[in-house]
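Per TrEMBL, these features apply:
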- A:Lys94, A:Lys134, A:Glu173, A:Glu174, A:Leu175, A:Val176, A:Glu181, A:Asn259, A:Glu260: ATP binding site (BINDING)
- A:98-289: domain 'ATP-grasp' (DOMAIN)
2 protein chains.
Amino acid sequence: MIGGGQLARMMIPAAIELGVDLRVLAEAEGMSAALAADRVGDYTDVETVLAFAREVDVITFDHEHVPQAVLRALVDAGVPVHPGPEPLAVAQDKILMRERLSELGLPVPDWARVETPAELDAFIADHGGAAVVKTPRGGYDGKGVRVVRSAAEVSEWFATIAEGGLAGALLVEELVDFRRELAQLVARRPSGEIAAWPVVETLQVGGVCSEVIAPAPHSAGKVADVSADIAFAVAEGLGVTGVLAVELFETTDDRVLVNELAMRPHNSGHWSMDGSTTGQFEQHLRAVLDLPLGGTGTHADWSVMVNILGGPAEGTLAARYPSALAGHPTVKIHNYGKDPRPGRKVGHVTAVGDDLDDVVYEARAAAAVFQD
Amino acid sequence: MIGGGQLARMMIPAAIELGVDLRVLAEAEGMSAALAADRVGDYTDVETVLAFAREVDVITFDHEHVPQAVLRALVDAGVPVHPGPEPLAVAQDKILMRERLSELGLPVPDWARVETPAELDAFIADHGGAAVVKTPRGGYDGKGVRVVRSAAEVSEWFATIAEGGLAGALLVEELVDFRRELAQLVARRPSGEIAAWPVVETLQVGGVCSEVIAPAPHSAGKVADVSADIAFAVAEGLGVTGVLAVELFETTDDRVLVNELAMRPHNSGHWSMDGSTTGQFEQHLRAVLDLPLGGTGTHADWSVMVNILGGPAEGTLAARYPSALAGHPTVKIHNYGKDPRPGRKVGHVTAVGDDLDDVVYEARAAAAVFQD
């Protein structure tokens, strides 16, 4: 696995139980997945990644930032890479993503590639006076995304383009009038088998995932079916292998539109570690090793995951365990082994049960113990 | 953790999720828990163990074989040791165990300490012509246990005693007429909190645990209550900290008698990793760190664990994954990372669900894929 963050960390337990020898190429010493960090090195350096790849059977990722040149070098060297360079290119470039989804006939917000402020202002004028502008590359957790009423509000991005940056363009999208955000996770094997978890509802705060309810309330039937159909079409249409997360808008006029794609285990799937027969990390391993996928049924009617964002102002998460564990004995705590820092994802909690109000309350209350 | 076998291995995932820095003193390189093996050394050597202990906050064990002299040296050095030397002494010596359980007024088979063949034959004559003889120390998985009709059948054990071995005596017990074997697991913190999982039924083949059904069928009510009461009394009476497994006989005349004790996570508790809100490895960590204990509810009506004993005659467990995973997508597989060898515990599988017949079938069928 390339990348040593919390996604790599949470892969370790699944690898241990399946008896898979997981090795991680970490960005630095002491990262979340340090226990499995076989080596530390720069994932943008071809030789570093090739040397790492020579010691493993399959390469996968805890992020989508490995450059195409490195991915192509791996493939040229005969290394199985999952997901492969083609689907990852789509995850790496939001404009390419919109193009490919549109070609596949999948429902997306109105969008355009804009190179100039005039083009952006024209799009805004055509779409009710506001729009969402995104840098094509490098955005995450709300970074590189801005809601604007005028091209002047992203003038520095156009300045960067004028200097030859940002791949020469921005993505602009209609401001979708959505009722809520959903996420549909699936896993797909190279040989084609695909499995879906129930569609979930995600709550974002400041562009960062805060809370996930699985399954999404009132989703049984049409919303679930449409969401799964979309994710299957994306996975098959783009040839994604491993876990794919499709972030969706449920609009106020009852449409389901694709917002973003992630080709790896995803925050919106953490609930599955405690709430599903097969957690997303185990399923990702099974998928990238081309092993039969596991059942995606749930342990109870509801699972609610709440992120621990930032953590305590002083001290460690563990210092709060006596209070958190005593008050919430059925909540599962996941500690990423990171130092607390404002806004940083340092852990999450999951509650599982049959009464949604209770489950939401338990998860939120347990997470709150770790925040000031 | 002292000891690097599969119990230490299965502690790693729980430690990762809780953010506990688990370090293992392993007996050798390449053991099941190698990923967390901080060092390799002899657990009977005081200096080796003290050096290891200086780098950790709490010492616990994946077996009960650490000599009392080593345990006492740890305590003298101020190291928290859980479970402590006093309870471990009871787990290490079957005669002392019978003495202490009898003092606590707990139900045990008729037993005696015998030093001579004549004493043994007298016991046999008093108990229907047969008895179970056990060496006080070092037995496990059926080793050091023999059903006899005459002292002549253990003449070599008496010869060892005559040479000054076996601590000078054997334990003899009545041959209990039991309907089935049960196991009651609890966890206890140093500060006293205690939590029990449901009592389970265990099936032994040749003295080795083969299968566990959780909860034990038809145990609701009296059997569950009596079993939990016994385990609470043992844990509190002996001052056990961490997970305690009490192996029990349910007799044909409806009594519940204590057979053996284990003061660590136990094969009869593996089901809890997949079937309970809190698995035994997480609970053991919480207990030895004196953290509040987790809920012990179950995900479904039944969990069935089947050991993979020996594994395939040729090749690895993983070579059977395509068949096992495809045929049993809801069964959880736990691979201990050991080379297959006849009779060796190399892994286990757990099935969870609400129909006992289905769950037993699934677990047995999945385990069978790994055996020839």
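Using the three backbone atoms N, Cα and C, a Cβ is placed for every residue, glycine included.
TrEMBL feature annotations superimposed on the structure.
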residue	record	DSSP class
A:Lys94	ATP binding site	helix
A:Glu173	ATP binding site	strand
A:Glu181	ATP binding site	strand
A:Glu260	ATP binding site	strand
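Within 10 Å of the C-beta atom of A:Glu181 (ATP binding site) sit 21 other C-beta atoms, taking all shown protein chains into account. The Cβ neighbour count for A:Leu175 (ATP binding site), using a 10 Å radius and every protein chain shown, is 17. Taking the Cβ of A:Glu173 (ATP binding site) as centre and 10 Å as the limit, one finds 21 other Cβ atoms among all the protein chains shown. Summary: among the binding-site residues (A:Lys94, A:Glu260), the fewest other C-beta atoms within 10 A of the C-beta are counted at A:Glu260.
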